[in-house]
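Peer 1: Straight out of TrEMBL:
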type	residues	note
COMPBIAS	724-733	compositional bias 'Gly residues'
DOMAIN	99-172	domain 'Glycosyl hydrolases family 2 sugar binding'
DOMAIN	205-308	domain 'Glycoside hydrolase family 2 immunoglobulin-like beta-sandwich'
DOMAIN	317-584	domain 'Glycoside hydrolase family 2 catalytic'
DOMAIN	610-666	domain 'DUF4982'
DOMAIN	680-782	domain 'Glycoside hydrolase family 2'
REGION	724-745	region 'Disordered'
SIGNAL	1-19	signal peptide
Ligand code: GAL
């Protein structure tokens, strides 16, 4: 009996715990979008000026009641720049994609049962300058496309049927970079509901530090806020769980949080002998923070962290957990084929997996902090990261951007460096030094466990410069000065932050200047940069250089250096925009992967009889032998830096490379001459997808010859059809000169390959059927199973196909019947009162007059609308623009529907109420303009 009662109480406790804690709801669904600006007509007139200046009175598309009925409905993430055509007159740096201005709106219905909770909007990133309104109030100006906005909307909220409106103007004309930046709400958005007394966003600082030997501590610091009406006494409890889910530490502390105040609580915990996080074993510990009041859980936050030591040694480079690790890094921007910067999380996972397969162990997110989900993957997959700030500026707004990055990211074990900038012309000056010194101090105040760096393209040898304000000097393209710097500053840790800037067009092996094609032999580099091989040799042979970050892991839109139009994307990538490898991929792979023998041949083997072909063999073994159709062509000692080249006169057949260690064959590879393409093939990246509306995967599209071999030069135009539980969200082929529509039904193969990206629909369980067809080829069909999964908790889509009449003037009441259409001077803001339904007058005078104006939605101009009063008490006359259009003859409270006469534009409505003697009157419910039933 006792146990039963206990079990019941436990159940009750669990239930109430659950009900009380925070909800983080996806706000990705159900946005309305308008491309282009909506300029508000100039405000003239006293009354309009007066009203415009008041809370909640934003005009134009920011207004509560703006008619957005013809806007496009979409789900986030969304990048509108990638949807449109290329324009040779647009900015080359942005990939010739016009960006411009766009508007988003969304309706939000808030349950009255949630009154009193704390509500925060979170926009993970919007490109580029965003102004956010909630219910006609400006609630945020965010002037960076790379940081999140957290917005407390609690005070502005309306509950129940009185809908809330979020409006966002996005100015993507603003630029923060010289690469493709996309446009719009390209990361996720959220609504977080919490107890009024709660942990603030990014309010748990839990960065572990080693005390001594196996003894570690996490000096947990929790920041609480109280938006409630009463001060609160709470207990904050921190629990640490090891990777197997076992509790390894717990600590509590009490806190008193005053009304509308913030408090910080320290809860240092000690952990002995933790399993370390490393690149190979990504042991993640969970730090769970709960806020309890009288045993009830008010709020709960969980985040992952890891135990590892990092050290940058001025003579020997980087050490992770005391073990030397050369940083085999890449810089990456954040756009992908088909989707622009609105890259689904699972496509990020694909990108990181490609990097891992290549032997990358370090990523520099250039030149901005990535999405939070990406850093979670980094921790799980085992990379170290240089987390880079976008705007170099220690003034208030920009310092907040830097601080946001550190606060959000400091719990990630993968983050090993904070970078305050990339290549700033003031870097060699006192000004640069003073700016960097302040930004470095701001970082240190939030996290003193990691070094601060800056990627300098020179200037580090002057008397006073940024290198004096950072812990690790990052160097872009200064190979000739490495040794000088190290000699002059032998105690300063040093890393290459960018040295490769080399060009390759995937699948091309001849440079054709007038076609903007660059051969993939790693011979061509920017004037300031190095080839892949030169840069790595310079880094690898200098122990004091911690490592390097190749510019770049993937091609990206914009910066088509050394070309311009018609080239629209860069060719710096080790992989193309789809993540298809170029020769550089194999060069780095054999340089960076040591634990298994690898060998690769470039190019393909489809040439003309008698062609002289340069064959590059990349291998991480001792000796290489090359054979053509079984005939030995030569043997070479494998060169780990230069790779191995053979000149071969082409004949069709099989070109084979064999790798030897200690005289024994350990690995072999071959390329074969293929026939003409006869059929298409679709290769999905994974076996199935989750039906959560977010999961997406790239599908490789190839053409095969009669023997099933991929044809390397195929360029067929492929038409896609996707049906079932998902849809295409875009495609690409890695051709930097292609101007094809990235969203349409067709895409050409480029050097044998294209990629289609499919994403599941929300709440789908049906398999996705994908077919690809091309003239003269057998089509390909695949079916991708979709696993039914619980939807990520989300905010229900809300529609407001109606106009609320919210802002009313109230005439002085009296016992004489007033003229309902009497004039009120436009400068008179005080004789009449102000109100918003529900409005109720106590028993007293007989006549009450209310006035408002509204603009019905366009679709009601034909007279198909009605004015709906949810509740009116008293007899009523409804006057519209001076004409009596409706009446209510009873005193009792009730709804009233009045047909809306045809016509467009703004209307004035007057409501004259007559009170029953001894009773009150009022417009007691919402007044809406909506379609008649
Ligand atoms: C660097 C810069 C990168 C990119 C690269 C191209 O100077 O940091 O953003 O522009 O050059 O070589």
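Placement of Cβ uses the backbone N, Cα and C atoms for every residue, glycine included.
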Peer 1: Could you tell me the mean pLDDT the prediction assigns to the domain 'Glycoside hydrolase family 2 catalytic' (317-584)?
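Peer 2: The predicted confidence over the domain 'Glycoside hydrolase family 2 catalytic' (317-584), as a mean pLDDT, is 98.
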Peer 1: Considering only Cβ pairs within less than 8 angstroms, which of the stretches 99-172, 317-584, 680-782 has the most against the domain 'DUF4982' (610-666)?
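Peer 2: Most contacts with the domain 'DUF4982' (610-666): 317-584.
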Peer 1: For the domain 'Glycoside hydrolase family 2 immunoglobulin-like beta-sandwich' (205-308), DSSP counts of helix, strand and coil?
Peer 2: 0 helix, 71 strand, 33 coil
Peer 1: Quick check on the domain 'DUF4982' (610-666): DSSP residue counts for helix, strand, coil, in that order please.
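Peer 2: Here the numbers are 0 helix, 38 strand, 19 coil.
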Peer 1: Please spell out the DSSP helix, strand and coil residue counts for the compositional bias 'Gly residues' (724-733).
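Peer 2: Helix (H, G, I), strand (E, B), coil: 0 helix, 8 strand, 2 coil.
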